[in-house]
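**Q** The structure that follows is given in the form of structure tokens.
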């Protein structure tokens, strides 16, 4: 009977290990595709701006290239190390943990702040186009970009290297695990309450509030401009109808004009909804958890109130935003032509040369 129990236990354990191995392989494949797509998309953006002068000449593209660099750094300095940890089941890089945490905070914050700067740039370009043309020089753009990167460095490396970010260890095991002279296979990135709230405000909540305000104003301005243009078009059509004495078709022409106006407004709304929707869906769940975890108590058996797996899933959701940004922000007609040339597929993908997409770029 004991032999039977032992055999049954062995079968169950081997089945569990096989299932766990399969999950790790699938996870590794999925994360590899995500990392490679992030690298490819953002490398293409950087290469396009570097190679084609007409893309470099537009100041608004300075912000796009800064965003691409920050997302490229996420794919190089942050994602691969975490992917290896997910597959291996432990942190194999030892003392590199603190530097990696600092890179994670810096690159993710830089990506989000660059998105915020882009929204401000586009609002300024649409709300005051003549003033924008005079004032938005390469120097002003570099100052705005430098501000985003400086804030990202200040909020990451200084607190992490000085250990201001860490939650106080609780219990004997955590105190021992925090000692430098003991090896650890876990990269503990748990934050204290002060740092979790302050960093989340700077890295996400304030930028997302600015983006909501700017894109709402952009939609209102675009809506007014579309309706003004449609009114002028209808007036011109009415004058033409009266001149040609073709009153019978006036209602049909006016109806088609209203439909065209509605279509234009819907197009702008869809573009803005995609921009904000993708960003919020990727990052909001993580930052909600980031602020919750330091305040929630551990369960009676000592486990964290939010499982590490759940937290890791939402961390990857946030990083996935870096793979989507090149599609959203650098997929207008100019960039698509450049991508087609770089990839050598002008003949294979002619749609990339001629197709138009709604874009909020000024130029």
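Placed from the backbone N, Cα and C atoms, the Cβ positions cover glycine too.
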**Q** Tell me which range among 2-21, 62-81 Swiss-Prot lists as transmembrane segment.
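**A** Residues 62-81 are the ones Swiss-Prot records as transmembrane segment.
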**Q** I'd like to check whether residue 50 and residue 343, as annotated in Swiss-Prot, sit on the same side of the membrane - that is, whether they share a topological domain name.
**A** yes
**Q** To which of the residue ranges 170-194, 195-219 does Swiss-Prot assign the term transmembrane segment?
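**A** Within the set 170-194, 195-219, Swiss-Prot attaches transmembrane segment to 195-219.
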**Q** Cβ pairs under 8 Å only, please: of the recorded stretches 99-120, 140-164, 195-219, which one is richest in them relative to the transmembrane segment (62-81)?
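**A** Comparing 99-120, 140-164, 195-219 against the transmembrane segment (62-81), the winner is 99-120.
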**Q** Let me know how many other Cβ atoms fall within 10 Å of the Cβ of residue 345 (S-palmitoyl cysteine).
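**A** I get 13 for this one.
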**Q** Near the topological domain 'Cytoplasmic' (46-61), which same-chain residues lie under 8 Å Cβ to Cβ, leaving out any that are not at least 6 residues past its ends?
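**A** For the topological domain 'Cytoplasmic' (46-61), the sequence-distant neighbours (Cβ-Cβ under 8 Å, at least 6 residues beyond its ends) are 68-69, 72, 121-122, 125, 136-138, 141, 330, 334-335, 338-339, 342, 361-363.
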**Q** Between the Cα atoms of residue 97 (disulfide bond) and residue 345 (S-palmitoyl cysteine), find the distance and write it as a whole number of Å.
**A** 42
**Q** When a 10 Å sphere is centred on the Cβ of residue 97 (disulfide bond), how many other Cβ atoms does it contain?
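**A** Around residue 97 (disulfide bond), other Cβ atoms within 10 Å: 18.
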